[in-house]
Every structure is written in structure tokens, then in C-alpha cells.
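So that you can see what the record holds, here are the features copied from TrEMBL:
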BINDING   A165, D283, T287  Mg(2+) binding site
Amino acid sequence: MAALMCICFTGCGETPGASQTQIVLGTVVTVQVYGRQSQEALDGAVEAAMDRARELEQIFSVNIDSSEINYVNQNAAKAPVPVSDDFYTVLERSLYFARLTEGAFDPTLGKLIRLWGIGTDDARVPEPEEIAPLTGRRDYEHVLLDGQAHTVFFENDGFSLDFGAIAKGYAADEMKELLQEDYHITSALLNLGGNIITIGNRPDGKPWTLGIADPSSPQPEENPAVTLQVTNLTFVTSGDYQRYYEAPDGTRYHHILDGSTGYPADSGLSSVTIITQCSMDADALSTASFVLGQEKAQKLLQSINGVEAVFIDTQDQITATDGIRDQLQ
Ligand code: ADP
Ligand code: MG
């Protein structure tokens, strides 16, 4: 378990609440809800949100043999494969972000990700000859979606899908929607391994205070570099300190890969945090921004409405987009 939690100061106050923490989607997932409903109702809401996360895990986890993504990866180069609504939605949005970021975020890096194995017991530094055939491919241009038939087809068999950089964001959005629509929750904090999404305000009516981990600290998640107050927003960080492999020579190789080089992204950033409404978008954009580096990422983010970002570079310099700079503490 290398991907841990962001710092959250929740301030539960006197309002009743319910919470649960479980390992889902390969990470620590915590759901906290508050409200004047009965304890039973609050417990039921948390349980239902966790159930939804587990349902999505069965679709998106490459570590579950019977998952939908594994089925698609094994079959979609042979013939179009019909997929679930969840799968279709995430794949369609992933291809959108792959094109928008020119492959900085790329859902077709599955084979390269598996080759490195970072975050698994099989992590290693591959040989350049192994990496070369998996770089510079732009396979996201070779995934065909058929909206009518609801199918996916791969135009070649040289790649596989991996939604590691977007599935947690989608899960966060889905869990939030379920809590709001089906359980009328108006105050909640969900944390999926540092992907945070909030509903409303804290139970005492004040905004949530969220911290951005200090990547240079030995325990980044316990030491916020900055904090800020948010209401009803999501907050997603991609960083080089979360999941990495330390080679025998001491070199650290982190888990966000640059598809154009085949190696861990080396853009001068230690972390990028995206703050916006939609967690799926925030997840894709945090990964893309990390690969692009600050300058290119800032240019890209400026073109998208309602998206703010905080960058921490490898020299510990903190920079934020205009819309959020004044709110950092
Ligand atoms: P985290 O998993 O810590 O939340 P990210 O959202 O940045 O961080 O996702 C990283 C994961 O996404 C990797 O573990 C891998 O599965 C996958 N991945 C790695 N590099 C890329 C990339 N350039 N584009 C899309 N997915 C990637
Ligand atoms: Mg991401």
C-alpha cells in the first residue's frame, strides 16, 4: 500500500455521522457522511457508496482476473466487444483527454505500465529494448468506440487499456452522486487514496479544510505544504512520492509514465493537485499535468473552465493558478 491519504481536517462537530475505511480499487477508500438522518440511514448510505466502489473495481481493476477491463484487453483486437455503461463512459472520456493532452494522459499505456510493474511485487527497470516498442505509439487513436452498438474495438493488438489514472476519479463522482440522489446526503467527505471529493460543507456549516501533501517530507501525507478551504469540490493529486520502485542502486522510479519516452515522467514536478467539480476530469488532468510539466499544463488548464491547480516542483516551489492562489494557506 503505497498510495496513502491526503490530510483532511474534517471537524465533525455534534452532527451524527457514519464512516468506513476499506481497501478498494487498489487503495484506501474512506467514506464519511453526516446528517440528521437516523444512524441506520447514515450507515446504509456509507455501505451503499462502498458497494458502488466495489462494483466499479470489478469493472476497472486490471488486478482482478475476471474484470471487464481484462476481458476487453484480451478480446477487443479480435472483434468489437460490447461493454457496460460505466466502461463506455470512462473510456470515452479517457480518449477525449488523451487527444486533448496529446497523449500526456494515455489510457492505452497498459503494456508499458505492466512492463514496469511499479506498485506491484514485479516492479523492475526494464531494458531499453523492452521499452522501445511500447513508446511513441499513440494507440489512443486506434481505439474505436461504437455508440450505437456500445462496443469497443482495438485496431491493433500491440496495446492494452489501463484506467489507473482515471477510475478512482470516476468512482468518486459516482459515489457522490449516489449519496446525494439516493440518500439525500448534504455533507460528506470521500477519500480514495488521496482523490478527495466533498459534498456540501462540513456538518458545522464551515468549508472543508484540505491539505496538499508536502512531497519533500518523509511522510508527505501527514505534512501539508498548503491547505485550502473547499465546498462541494474535488481535489485530486498526482505525485512522484505516492507509488514508486526503488532500484538496487537507490534510484526511484515513480508510477506516472511518459508514453513518449517510456520512462517515468520527468517534467520537474513533484506533484500536481487539480481542484474542480468533476473528479474524473480532475484525475485525468492531474496525471496529464504531471507529465506535461508546469508551463504546458498551465496553458492547457487555462483553456478549461472551472479548473484550478496547485503545482509543487522538485525544488519545493509552490505555484497555483490565478483562481485559487489567494485561497492557499
Ligand atoms: P494515483 O494512482 O496515485 O492516483 P494517477 O491518477 O496519476 O495517480 O494515476 C497513475 C496510474 O495511472 C498508474 O499507476 C498507471 O496505472 C496509470 N498511468 C501511468 N502513467 C499514465 C499516463 N501517462 N496516462 C494514463 N495513465 C497512466
Ligand atoms: Mg489521475
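Every residue, even glycine, has its Cβ placed from backbone N, Cα and C.
These numbers come from a predicted model, not from an experiment.
Cβ neighbours of D283 (Mg(2+) binding site) (same chain, under 8 Å, six or more residues apart in sequence): A165, I166, A167, K168, G169, Y170, A172, N195, V236, I274. Under 8 Å, Cβ to Cβ, and six or more positions away along its own chain, T287 (Mg(2+) binding site) finds A104, F105, A165, I166, S238, I256. The Mg(2+) site, placed at the center of the C-beta atoms of A165, D283, T287, has further neighbours from the same chain whose C-beta lies within 8 angstroms: F105, G164, I166, K168, G169, V236, S238, A284, L285, S286, A288. The Cβ of A165 (Mg(2+) binding site) has 27 neighbouring Cβ atoms from other residues within 10 Å, across all protein chains displayed. Following the DSSP three-state reduction, the secondary structure of A165 (Mg(2+) binding site) is coil.
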